[in-house]
Amino acid sequence: MGYEILGLPMAYYIAMVLKVLVVFVFVLLTVAYATYAERKIIGHMQVRLGPMRTGWHGLLQPIADGVKLFFKEEIIPSKADKFAFLIAPLIALVPAFIGFAVIPFGETIEVGGYKIPLQIAAYYDTASGQVVDLNVGVLYILALASIGVYGIVLAGWSSNSKYSLLGGLRSSAQMISYELAAGLAIISVFMLSESLSLQKIVADQANGAWYAFKQPLAFILFFICSIAEINRTPFDLPEAETELVSGFCTEYSSMKYAMFFMAEYANMVTVCAVTTTLFLGGWHGPSFLPGWFWFIAKVYFLIFTCMWIRATYPRYRYDQLMRLGWKVFLPLTLINIVVTGIIVSL
């Protein structure tokens, strides 16, 4: 017999550690190459080539950008609140990455006779024969999204710059406006699945139609509101270059600036992963390929959609942004909840 800890073999713990590392590396590589993919996709949509110089067809461009930012000078404004200025990028970046702890990437795998779910915050219960995960996974993700905006607001305030402060204030107002609508949009999913567990929501979609077909309005509203919440075009008012130089990032340079950049793209990947889990059946797909492949394919399709939207739509004015959130999306989500409640009760 091999060495055991708490009645479980070392292979089990090694597999758990490897699972965390694989998810982290996957997210990190996706974030890095999402920047490259966006530049190439938008370039081709505008009849350009995009990055071409660094590596074959510019494939090494993310590495070149990372090296450049790493060696750039770290500048801190003389009148900035230095502690808050330095901690703000971390507050924005960390929640963007740890949200993946509750997202199921696929079915269980077997290691040393033990089944291990492809989800960080989950384990396989041999007594019930089911995967046990965080039963409020969706609330966990919504809470992390709320924490992330504190980093942006803190960056705007601590920089002691008018442009940065306006960007931070815009971000907080935008997050409040659209997180409310996004949260209400997915209540209809909870009503259908009768659970906040992401494993249960995915399992329910395996036995019938995806919730994107059962709840098309909720799917569209949640995806659009989530794009607005992470400040992606056409909702990128907090860092509007034509108005605020670079918004809350104006005074940042070097790796601190890169951390905000990574947080934006990590949030985009998180939003696409959550949308896949809630509305597109998670990892379920034709059985000739493993579940994790279908999950990644769906996530990448939604990431491409985000980039397509950026290349297609111009930026909203701020009054249009607020009007859309409060006078259009919020009433539509409430109407959808009422209609879903009536249908479920019949």
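Just so you know, glycine gets a Cβ as well, placed from its N, Cα and C.
Remember, predicted model here, so these are calculated numbers, not experimental data.
Feature annotation from Swiss-Prot assigns transmembrane segment to 14-34, 83-103, 136-156, 172-192, 208-228, 260-280, 289-309, 324-344.
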(request) For the transmembrane segment (208-228) and the transmembrane segment (324-344), decide whether they are in contact, meaning at least 3 CB pairs lie under 8 A, counting pairs 6 or more apart in sequence. (result) yes
(message) Which residues of the chain, 6 or more past the ends of the transmembrane segment (83-103), have a CB below 8 A from one of its CBs?
(response) 23-24, 27, 76-77, 119-121, 133-134, 137, 140-141, 144-145, 147-148, 150-152, 154-155, 157-159, 198, 251-252, 256, 259-260, 262-263, 266-267, 270, 273-274, 277
(message) Under 8 Å between C-beta atoms and at least six residues away from its ends: which parts of the chain pack against the transmembrane segment (324-344)?
(response) 174, 177-178, 180-181, 184-185, 187-188, 191-192, 215, 217-218, 221, 224-225, 228, 316
(request) Take a look at 14-34, 136-156, 172-192, 260-280 and tell me which one has the most Cβ pairs under 8 Å to the transmembrane segment (289-309). (result) 260-280
(message) What residues elsewhere in the chain lie close to the transmembrane segment (136-156), defined as a C-beta under 8 angstroms and at least 6 residues from its ends?
(response) 84-85, 87-93, 95-96, 98-99, 101-103, 121, 164-169, 171-172, 175, 179, 182-183, 186, 190, 196-198, 229, 238, 247-249, 252, 260, 263, 267, 270, 274, 278
